Amino acid sequence: MNNLKLGVDVVSAHNLMPKDGQGSSSAFVELYFDGQKFRTTIKEKDLNPVWNESFYFNISDPSNLHYLTLDVYIYNNTKATNSRSFLGKVSLTGTSFVPYSDAVVLHYPVEKRGIFSRVRGELGLKVYITDDPSIKSSIPVPSVESTHKDASLTHDQTVPNPVPTGSEKAEARHTFHHLPNPNHPQHQHQSFPVAVHQATKYGVDEMKSEPQPPKLVRMYSSSPAQPVDFALKETSPFLGGGQVVRGRVIRSDKTASTYDLVEQMQFLFVRVVKARELPAMDVTGSLDPYVEVKIGNYKGVTKHMEKKQNPEWNVVFAFSRDRMQASVLEVVVKDKDLVKDDFVGRARFDLNEVPMRVPPDSPLAPEWYRLEDKKGEKIKGELMLAVWIGTQADEAFPDAWHSDSATPVDSSAAASTLIRSKVYHAPRLWYVRVNIIEAQDLVPTEKNRFPDVYVKVHIGNQVMKTKTVQARSLTTLWNEDLLFVAAEPFEDHLILSVEDRVGPGKDEILGRVIIPLSTVDRRADDRMIHSRWYNLEKPIAVDVDQLKKEKFSSRLHLQVCLDGGYHVLDESTHYSSDLRPTAKQLWKPSIGVLELGILNAVATVLTVGVFDNSQLGEKGSNGNKDLKIGKVRIRISTLETGRVYTHSYPLLVLHPSGVKKMGELHMAIRFSCTSFVNMLYIYSRPLLPKMHYVRPFSVMQLDMLRHQAVNIVAARLGRAEPPLRKEVVEYMSDVDSHLWSMRRSKANFFRLMSIFSGLFAVGKWFGDICMWRNPITTVLVHVLFLMLVCFPELILPTVFLYMFLIGVWNFRYRPRYPPHMNTRISQADAVHPDELDEEFDTFPTSRSPELVRLRYDRLRSVAGRIQTVVGDVATQGERVQSLLSWRDPRATAIFVTFCLVAALVLYVTPFQVIAALAGFYTMRHPRFRYRLPSAPINFFRRLPARTDSML
């Protein structure tokens, strides 16, 4: 049985606002908590009333205690009119509730209820949690009901609702936390709020708590349905900004922060700066000090400094508040030794005295603390420390060593950086356009032959060649465009070499030019770039890096530029996260802000994000790849503005053995629109920058350039610290999306069929109309058709009105959640193992010849069916062309005669009559139909096609 209760002692009020018109007030207090209401007695004509009354509320769900709010209202009772007027209110959140032994009387300044409220004064309350079974809940006292409502809002003569409405909860309010009483040595855990139901559960160890799982509201599985375990789950977590209910945040206060999309977590931060005048621990006088920070079972250790009595560390430790199992923090200085480390001194801190700091509060300045020996006596030596309690919004949080981390702080710096959060900025990419026009005065080595010349161009690892041209004159023409990808800052040069193909596999360099990319002209549109002549330098040494060059008369005519009007596609075009051009002056203003909060992740082997970090310990030394755990794709256009989406996304990965759920990722997403007009205008803008349409690339060029861009991004991010592995970049960029997969082919086919399913349904419905399956519906369709034929100007309005009504009707069933991975649409739930093995095969293949032959035969059968369908479509088109081609002279003569007769009939007959007759004939009763094909169909099928010319 739950005996947990919230006790509230209403002690007194001070300096209240007079509201009775005689310079005084008759005050009473009403308390609201968890659907319960209590009221104190009325203190007549007293601006400083004293009540000393206690009330006890039942706590229905202890696990939600820290999410509840205690609302206390002060009213003035007016006997003459049997009404009440507002004197002020106080609101306390559940995070400020403490056990009775820690509670003290605090005087809270009263708050306004609205803009026009006039309040003043303070209210003294003592709020605490108790589980004493001998204490019974208070009996609600009937509240004073008002029979008269004054319309004057300036005098607050309105009666509040028994339970505060959502609008009142959304008003600006102050949140108060119980502060420690320095005169009471037994007050504990008052400098930071503790979930009270956890304190009573653990008794003496109130610091220990268990993380509460978010309340799952509903699960979504988009059509076609997939297993529930793979479905999207909507949650209603309590974030920093309040509770999320159906996409809206119910705030406990109006203050907003960077971390209002994640659950607020509290940490004990310990900054170890430096030490001075540490005593030597051996006869040599040397000292290798390090610091050990301990709280309960958690311990963090700094690096040891060799032979330093005034060492500096400047390291921050972060201990999760939910897992602290002690009330005393110990910071111990030790001397590193071969056998056993020597104790130098320590500093102890009572967690009750640790201050609370939340940005934008100023950082806490570190202080010098005298060290103590094991007996508690002061010794020589001081340690500079700063200790405070904060949240993940603290500036020290990203670089701090965390108690939950897998790597100790005294290990290598490279290993410790692998477990910290980091933002990676992708390099700025440019397209390099090289137009090779011509070369002059090329001097081949052999004088008795015309050289076969081509130009080889390379930037870094990218190499391209022009076509080979035989130089029969002094000028050799190519006029070819070559495209490359380069990243800022430009580290590789553009190198062009003119080479002569002397024989098979033997090429000779005739000249070379090196152009630094930083000197190349840049453009943001399709304006002409002035061409330049570059003198070729002929190498005379074998070692290219140690060239000795001689100038000669050969020249190369080039147009080189950095094209900034394009967006360098380094991601799949279907999932591109950024489509802005390279040139920043072409960037459009933002239309909104996308906020993402990762609340938690539940996975089998999750270490960092949605990848298994294989760079820690022995795994990293073996060169293992980071294993993918899953990904979540969210298209921003599918999000409603201002709504908070809190869902638990399944992390699904396709393995050779089938699809597997590796865990779940719980995220909160909100898209805020900064300009509604700009947001609507963006729908009329082209998807890609202008240059993609003015001077488009071919499909082969786009594939090649995207491959180069992904390699450059992976190489640059692989040089970061910690490095972002190449397999991570490739997985996030969907590098293998263009490779053959039987599973993807089936999925795309069924997607296409679902697109045409509406047309098929309309065709089936029209077939039923023509067959008179439902005579009433068929008659109504005849009437509607006759109306549209008689009034053709109503056709388009009717069509658009019908689509409008469909859209309005579907609004009720609109998706309430972002799209997510669907195993049924992806055809991953029933895929054949051999098809998966083929999909995960390398390119080129690494399988046995027998297995490759089997798959080739299967592919031939599938391609044969596709070939048949394509041939049938081509046959029908060729029959249409043969109507007037006189390939079949009799058929063409019949058709030409029919066209002449039809022209004469249509000339003298109104179009409405022709349309009506054609429609009624098409929808004629089955009694007037024949089972054999009609004459026009038979005529069309007899027309010739080019199938007769096929081998």
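Glycine is no exception: its Cβ is also placed from the backbone N, Cα and C atoms.
Residues annotated as domain 'C2' in TrEMBL: 1-108 (among others). The domain 'C2' (1-108): residue composition by secondary structure is 12 helix, 56 strand, 40 coil, according to DSSP.
The feature region 'Disordered' is assigned by TrEMBL to 140-162.
Residues annotated as domain 'C2' in TrEMBL: 249-369 (among others).
In this model, the domain 'C2' (410-534) carries an average pLDDT of 85. Sequence annotations record features per position, and here TrEMBL assigns domain 'C2' to 410-534 (among others).
Look at TrEMBL and you will find 665-683 (among others) tagged as transmembrane segment.
Look at TrEMBL and you will find 749-767 (among others) tagged as transmembrane segment.
As annotated by TrEMBL, transmembrane segment applies to 779-811 (among others).
Outside the transmembrane segment (893-921), and at least 6 residues removed from its termini, the chain residues within Cβ reach (under 8 Å) are 782, 785-786, 789-790, 792, 883-884, 939. The feature transmembrane segment is assigned by TrEMBL to 893-921 (among others).
Note on the transmembrane segment (779-811): residues 769, 912, 915-916, 919-920, 923 of its chain, located 6 or more positions outside it, place their CB under 8 angstroms from a CB of the stretch. Assigned with DSSP, the residues of the domain 'C2' (249-369) fall into helix, strand and coil as follows: 6 helix, 54 strand, 61 coil.
Sequence-distant contacts of the transmembrane segment (749-767) (same chain, six or more residues past either end, CB-CB distance under 8 Å): 825, 827.
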